[in-house]
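A quick write-up on the structure given underneath.
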Amino acid sequence: MDLHQRGWLGWATLFAVALSVNSLSKRDMFDYGEQAGDQLLEQGTDRSQELILNQSMFFFDGAYDTVYINTNGFLAVEEPKVESEYLGKMPASFGMIAVFLGDLDNSDGVGKVYYRQDSRPSMLLRTTDHISQAFPQDDEIKPTHALIITWENVAAHGVPGRGDGLDRKRNTFQLVVASMASASYAILFYPREGLQYLSTPVAGQSEPVHAGFSQGLVQAWFSWSRSQGPYYRIATDDEASVRQLSEETNSGRRGVWVYEIGTSPIFSSITPGQVTNLSLEAGGQMEPVPEFPPRNTGEQQEIEFPPYEHEEEEETPEPELLPTVHPVQYQPRYPVVPEPPQTSYPEPPQPSYPEPPQPIYPEATEPSYPEAIEPSYPEAIEPSYPEAIEPSYPEAIEPSYPEPVQPRYLEPVQPQPPRYEPQTPQMVVVDEDDDLDVDVFAYNSEACASDRQKCSSFADCKDYTNGYCCHCRPGFYGNGKDCVAEGKPQRMNGKVNGRVFVGNSPSPLEFSNNDLHSYVVANDGRAYVAISTIPAGLGPSLQPLSSLGGVIGWAFALEQPGYENGFSIIGGVFSRQAEVTFLPGNERLTIKQEFKGIDEHDHLVVSTELEGRLPEVPRGSTVQIDPYKEIYQYGSNLITSSSNRDYTVSLPDGSVQTKTYQWRQTITYQSCPNDEEVRAVQPTQQLSVDQIFVMYDLGNQLIRYAMSNKIGSIHSGPPEQNPCFTGRHGCDTNAACRPEEGIQFTCECSTGFTGDGRQCYDIDECREMPEICGSHAICNNQPGTFRCECVDGFQFASDGKTCVEVDRPIDHCQRGTNNCDIPERARCSYTGASTYVCSCLSGFVGDGYTCQDIDECEQGRCHRDAVCYNSQGSFTCQCHPGFHGDGFQCTPGSPEHEKTQCERDRESIQVSSNTGSFSFFRPRPAVRQYVPTCDQHGAYEPTQCHLSIGQCWCVDGNGQEIPNTRTGPGQRPLCIDQGVISPPIGPTTRPDVSPVAPGTHLLFAQSGKIEHIPLDGYSMNKGEAKALLHLPDRVAIAVAYDCVEKMVYWTDITGPSISKASLEGGDTISLVTTDLESPEGLAIDHLARLMFWTDSMKDRIEVAKLDGSQRRVLFDNDLVNPRPIVADPSYGRLYWADWNRDGPKIEMSNMDGTDRTVLVKDDLGLPNGLTYDPESQQLCWADAGTRKIQCMDPNGRNRRTIVEGIQYPFAIVSHGRNLYYTDWRREAVVAVDRTTDRETDEFLPQKRSRVYGIATTPTQCPQAYNYCSNNGGCSHLCLPRHGGFTCRCPDMVDGSCVERNL
C-alpha cells in the first residue's frame, strides 16, 4: 500500500485505541512486587545490582548479556561510576538507559526498587501490544524476553527538614526492556500521580532529572582516547519537559513512551514510537492523521556555534560560521508531518546547517567524524575488554546486493520492484591473492544481449558499432563496470604482503596477509587507512609512507568543478606501481597494488606488495607530513604522477629532523574501446592533500593514515567557496552535496537512503517490499541496499535472482534404488556423486549383482571330531558327543566349569538354529543371526561382530547392545568396559538431519542450532559444512562430545538445561533441567562416564553422571564468572577459567574436588575459551581481553603466546597441531597452526550470528587406564583423581551412600 493508505490505516489504529487513552496510573503499569516474583534492590542511595540476562539485550550497536540496575533511576550496560561522575553531567561516560535520572534514595524503607526477568507468554503479549501500538507499521514484533524494573515511592536524596517538602515527595516509574532475536525495545511508564517531584539536589543546586539513552564513551579512531558517543534525550534541561513525560506520549497512550534502542546486525539510531496523538481525556474525538512519518525521520540536534577556524592554506575566508554538532538526538515529541518539508538554506553570514551526527555503521567502533583533524577509525580492530559490551563485527557480514531500488520519499510513493537483476551473491573471504574471487572485467566485441551481466547492477549497457559499453546510471559514478552511489561512504578491504629492510639492517622484515582496511567519506574527500599486525621493528618507519593510502584518496577525492576523481574515470579495477626514493640516503621502496573491483559486500578489494628499503624511524618517534600537491597526467589506459613529499620526524629526545622523499607512480587500467561518445577528461589534474595524520599504534601493532583529498585544476586561482567543493557542507555522510549559485547548495540522500539530505536514513527494502527476493529466499537489509539469500537447500539460478533447489547427489544404497543382489547376500557401498559399488557378503561369491552361497563344509573347515552344517552365507561346526569345544577345536570329555551367561547365550542361539534331527549338535546360525563372542573367562567381549553382514557393536556386561555403537563393514568401534553403565535410551533418527559421515568433525554452536564442519586432515571442508541439530528458540553455549556413545552434549541458557543427541541424528534428550541459571561450560569424562559444568550465575562447578543423575556441587566458593571447563580423563584432572573482571584466573583440581590450584592469574583479561590437548599435554586458552591465544604445560610452566591481535574469541578446541576457535566479532570459526603460530583458515557460517562453543568428534577415544571401571566399587559417584579415585555421594541421596578414598 502507498503512504496515504498507510496513513489512513494508522489513523484507524489510533481511533481504535482512542477511547482507552487516559492518564496513566500505577495500576496500568506491568505487575510488580514480591507477588509478581520480583527481586529487591538493596536499600540506600546510589546502589547498583549486577544482573546477567537470560537473553542478550541490544543497545545502540552492541549486544549485552549483563546489566546494572541503579537506585538513581537508570539501567546501565556497564558497571556504573560513582554518582558524582554522572549526576548533572549528562551524557554519562558509560552506557545507560536514564528512566528518571536524579539523586534518588530508598534507604528509608518506604521506597523500593523491584526487578525481574520474565518470559511468560502473557507478559510477552503485553509488551507486543505496547510496541505494536507505538509502531503500527511493524508486523514482526515478537519479543521473547522482558526485563521489568520498577522504582516505587523513591524519594529525592536531600537534607531532612529543609522545609521545601521535597524529601517527602515520592515518585513511581517503570522500565520494561523487551528483546527479540535481533532488536530490543524500551517501554517507559510515567504515571501522572507517580511523579511528585521533577528535580533533585545535585552539588547543592536543584537540577531537573534526565531521561534518555546514552551510549557512553566510544573508542576514537586515530588515538588512544575515547570520545562521547551518541546521546538521545527524551527530556531537556527544564522541568516543563520532565512534566511532559506523564502528560504526552509517542505510543498513543499518555505517559507511555516506546523506543527501539538497538538492532543487530545493523543499527542506525534510537527510534522513537510514532503515535504521538491522543484523544480527549473523556470521550474526545481524534483528528484524522494523513500519514505516519517514516521510522527514521531526522531528530533535532543540540548545536553550538563557535567561530570557524580557517585552514592556513586558504587566503580568502569563508563568510559563513559552521556549527559544531554534538551527537545528541532530542525528541520529546514525534511530530506527524502532513506535507514534505521544504528545505531552505541560509544566506551568508547566517550559519549553515550543522553537520549531522554520523550514522552508526555495523562496525562496532564506527564513530562520527566531526572534524577532519580528529579522525576516528571505523574498523573494529581496537581492543575492548568488557565482555558484555562487545558488539558484532561486520567485515565479513556486510554484503551489499547492487540491486537498484526506488528511493523512499516523504511524499506518497508506491514502491516499485527493481528492474535489473542483482549480481549472483557469493561470500568472498579476502585472503591470498590467488583466492580472490572478484570478477575482473574485460570488454570484447559481444553485445549487451549476451554480456549485460558484466555491467554493474547500477549501470546501463549500451551497444555500439564495435561492441558494447557500460555506463553508470544517474545518481551513481564509476566506469560502468563498477558503480557506487554518489555521496555514499566507501570501504576497502585487502591484504598486504612485504619484504622490507629497515635502516642498515642486513635482514629484511617479512610479513604476509596483513589486513588493510580503509574508509572514505566521499562527500568531503576524507580517507582513512589502517594496516594490522605491523611489527614494532617496522611500524615506526612506515609512518612517512602515507602514500600507501594516497591512491585511495585520489580515487575518491572531493571533485572541484569540471574535474573528476579516479573512480569516476577508471572505476575500481586497475594496477598501480609506485617507486619511492628517500633522500638523502637514496633508500628505495616499490609499492605494487592491484585493485580488483567492488565485491558483493560493496567493498573495494585491493592487494598490496611492498619491496625495498626504508630509512629507520626510531621507536617512540612521531611523524608529521606537510600538505602536498601531486600532478596526475591522463593518457590512454595510463595515468602517471609524481611529487616530492616533506615530512618531519620528532624523536623521543625532543629533537626534530626534516626529510624528503620523491614519489613516482603509474596506474594502468582498461577503458571501454567501443564508446563512440568519449567523454572529455582533463588531461592534467592536481590532487591536493592536506590535514595528513599518521600514527603507529604499538599496543595494537597498527599503522594508521588519514588525509583530506581534493582533485582540481593545476592552475592557481581563488579557492572555491561553495561548501560542496570545500567539504564543509553539513550534508549527511550518506548524501551528495549539489552546488547551486554562489555558496548555496542542497543535500540529496544517496540512492538507497531517504531524508532531507541533512539527515539520511536507510531505506529498508525488505520491509517496504517483502516479496522483493522471491520464494525460497530471505531478504537482509543493508545500508543503502539489501541482500537476498537462498534458504538452506536452495541456490541461485543463472539469473542471479531465482532460488532453485540444490541438485544433491542421491545415495541409492540408502534409498534402496540400487540393483545389487538382496541385502542377505550382497552389500551396496555408496561411493559419492550418486554412484555405488555392489559386492557379495562373506560366505557368498559373485559380482555383487548375483551372489551364490559358498559351501564351506566342502572345504573341511571343521575339526575332524566335529560335524559341519552349511547354511546360506555361513556354516557351523559342532563337536561329536563325548567331545567339547567350539567345533574348530574338539577335545574328549565334558567341560567341568559352570557355563557363564555368555556361554549359555551362545549355546542357545546355536541350538535354536538347528533344524535337523540332531538337536544336541550346535550348528552355526543362519544369516541375520550371530553367535556372541566370549573371552577366556566366559564373559562377553566388549566388541561383538556379525561377520555375515559385516557389522560390529559394543555390549555391556550383560551382553546388551549399547545404542549408537554399531559400525559398518571394515570398521570396529572402540568399546570399553560398560558393565557399570545403564544403557541409555537412544533417540530416534530424525528425518531432517543427515547422519554425520565418518571421520573427525568440528562441532560449533550458534543461536538455534549446532553445526558441523568435516575435517580433511587439519583443513576445514567448508563445502560440506551443515547443520547437525536445529534447536529453535534456544541458545546453545557450550558443546562437548562423548566418543564412546557418539553423543553430542550442549548447554542451553534459555531453558536453562543440559541436553544430548546422537551424532547419527535424532531427537534431543534433556538431562538436567532444574537448579540451573546460566550453564556456560561443559566437559565430558568418557572413561568414568561423568560430565562437569560451570554455572556463571550460580557461581559453581558441578558433576553428574552422563544421564544427569547423582548431581554434586564440587565448588561454590571463590568463583565469580566461571565459563570454560575441560577434563583430562587420563590423569583425573579438571581445568577451568573464571573471567572475573577484577581478578581473572585459570584453575586446576582433581575431578573429586581435591588439590584445587590457581595456575594462571597474571596477564589475563577475559579468558573465554580453554582446551587441553592430551597428546602434547598442553593447556591452551583464548583471551578476549588480551586478544591472545596462549599455551603452557598443565603444571603452569613454559607459557608461550601462539597468536596475538585476535578479535573476540569465545571458545577454543585442539586437534593435532591445530587450534580452532570461535570469534564473536568475526562470527567465524578460525584455525590456528600451533607449529607456525599463525592463523591458517576461517569458516564463515551461511547464517551470520554469534558463534559459541566448539568441540571435535575424534574417530577413536583416547586410550587411558580407567580407575572407575565398574564404578570403582562405589555406591554412587566414582570421581577420578591423579593415581586413584574417590567415592562420593550426590547432594541428593536416596538411601545409603558410602564415601571413601582409594
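Note that Cβ sites are derived from N, Cα and C of the backbone, with glycine treated the same way.
Remember, TrEMBL labels are computer predictions, not curated facts.
The signal peptide annotation in TrEMBL covers 1-23.
Residues annotated as domain 'NIDO' in TrEMBL: 99-264.
Sequence annotations record features per position, and here TrEMBL assigns compositional bias 'Pro residues' to 335-360.
Annotation for Cys952 (disulfide bond): same-chain Cβ neighbours under 8 Å, separated by at least 6 residues, are Thr943, Gln944, Cys945, His946, Arg966, Thr967, Gln971, Arg972, Pro973. Per TrEMBL, disulfide bond is recorded for Cys945-Cys952.
Residues or ranges marked as repeat 'LDL-receptor class B' by TrEMBL: 1046-1088 (among others). Using DSSP to sort the residues of the repeat 'LDL-receptor class B' (1046-1088) gives these counts of helix, strand and coil: 0 helix, 23 strand, 20 coil.
According to TrEMBL, the repeat 'LDL-receptor class B' annotation covers 1089-1131 (among others). Remote same-chain partners of the repeat 'LDL-receptor class B' (1089-1131), defined as residues 6 or more beyond its termini with a Cβ less than 8 Å from a stretch Cβ, comprise 52, 980-982, 984, 1038, 1040, 1042, 1044, 1049, 1051, 1058, 1060, 1070-1072, 1075-1083, 1137-1143, 1149, 1151, 1153, 1156, 1167-1172, 1174, 1181, 1194, 1211-1212, 1262, 1264-1265, 1268, 1276-1277, 1279-1280, 1282, 1288-1292.
Residues annotated as repeat 'LDL-receptor class B' in TrEMBL: 1132-1176 (among others). The DSSP breakdown of the repeat 'LDL-receptor class B' (1132-1176) into helical (H, G, I), extended (E, B) and coil residues amounts to 0 helix, 23 strand, 22 coil.
In this view, Cys945 (disulfide bond) is surrounded by 16 other Cβ atoms within 10 Å of its Cβ, with every protein chain counted. Regional average pLDDT for the repeat 'LDL-receptor class B' (1046-1088) in the model is 89. Beyond the ends of the repeat 'LDL-receptor class B' (1132-1176), by six or more residues, the same chain brings 385-387, 1081, 1083, 1085, 1088, 1090, 1092, 1094, 1101, 1103, 1114-1115, 1119-1126, 1182-1187, 1192, 1194, 1196, 1199, 1209-1214, 1216, 1219, 1221-1222, 1262, 1267, 1279-1286, 1288 to within a C-beta distance below 8 angstroms of the stretch.
Taken through DSSP, the repeat 'LDL-receptor class B' (1089-1131) splits into 0 helix, 23 strand, 20 coil.
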